[in-house]
Amino acid sequence: LTGVLDDCLCDIESIDDFNTFKIFPKIQKLQERDYFRYYKVNLKRPCPFWADDGHCSIKDCHVEPCPESKIPVGIKAGSSNKYSKAANNSKELEDCEQANKLGAVNSTLSNQSKEAFIDWARYDDSQDHFCELDDERSPDAQYVDLLLNPERYTGYKGPSAWRVWNSIYEENCFKPRSVYRPLNPLAPSRGGSCLLIVFFSWTGLCLEKRVFYKLISGLHASINLHLCANYLLEETWGKPRWGPNVKEFTRRFDPIETKGEGPRRLKNLYFLYLIELRALSKVAPYFERSVVDLYTGNGHEDAESKALLLDIFRDTKSFHMHFDEKSMFAGDKKGAKSLKEEFRLHFKNISRIMDCVGCDKCRLWGKLQTQGLGTALKILFSEKEIQSLPENSPSKGFQLTRQEIVALVNAFGRLSTSIRELQNFKVLLQQTR
């Protein structure tokens, strides 16, 4: 892949260099810190669109929840919004069990803090969300250590997996008129081969709908890259060996094998990277305020985590070829508002489809990356609210829950890893020629 991406003034080589030398090493370190490694998720929510076809029984599909005793006290002591030191108090930290019983609003908190929590909850229930959020108070919601449950190829495939992606693309995604995805390769087809019509034209599709399609295609490409890069190569005497699978990568992305579609998918990955990079640069003022701490209860760890996050924000703001989101929804106000709402509802529906994924590990990472992208979109459409944030008090106009923050950082970390893995595959392909 070379050259300039469509719909933006950025070239692939610049993104490769920026990601490799600035972002990737730092985002890897940040994801290892306690605040970002524990993600609360409900993997038992029923599929809202079709009858459950059963969960994957492959052992690598299993997700190991994290015991409560392992969760940092500052994370489990309160509601998802209480990520700052000001929103916790010492009595809660001394008695975690009591704090859990007290619920989202602790009677020992000041009136100002109570009002802030109410405002936050009201905002979270507003119509600005691009994702269907899990109820963290549900007894089925559990903390997962992301480092102990890495995203990789589990063997989950076939009709169940295809049904999820087909539903996303065919029912919830804006597409060019000439685009048809491959039919399910497991279904019988004429001549024994899968029908695939390559798409050429975006005629009649506005910028916003092109962007939406590219975001979903880029997310799909990124997930496929993770699976190719962390593939079960062999298992001898119960000891699995994971690593890059060049043959699988070629099958999914090679221009000849994919009828020219593979490179387009990878370009959409770069486009998605730019969108989330832009969101990080835009949300920086939110975290630069002294009132926001990445609170776990360990003061030294929290200070280091915030310093590293702010360092990453400085890098994102230094990037000189950002996507210009102001070009989106810039038509007449009524039409723009209607299109934005359609955009939001389509994406929210896709986040609900993630509850239909049969493999728990795939569901975990699908939900996290979808929520991360939804949070990025929420940020890009909240620029005015972010610019008017108060320095020393909670915001009434824009707020992120801890879950959204964790998803945003880890989702971008996955994209950064994808682009880094793509460089590795380039080397491996050269070695095999």
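Even glycines carry a Cβ here, placed using N, Cα and C.
Looking at the candidates CYS356, CYS362, TrEMBL gives CYS362 as the cysteine bonded to CYS359 by a disulfide. Ranking the disulfide-bonded residues CYS61, CYS359, CYS362 by Cα distance from HIS220 (FAD binding site) puts CYS362 first. Ranking the disulfide-bonded residues CYS61, CYS359, CYS362 by the distance of their Cα atoms from the Cα of SER217 (FAD binding site) places CYS362 first.
For CYS61 (disulfide bond), the spatially nearest entry among the binding-site residues ARG152, THR154, TRP165, ARG252 is THR154, judged by CA separation. It is SER217 that, of the binding-site residues THR154, SER217, has its Cβ surrounded by the most other Cβ atoms within 10 Å.
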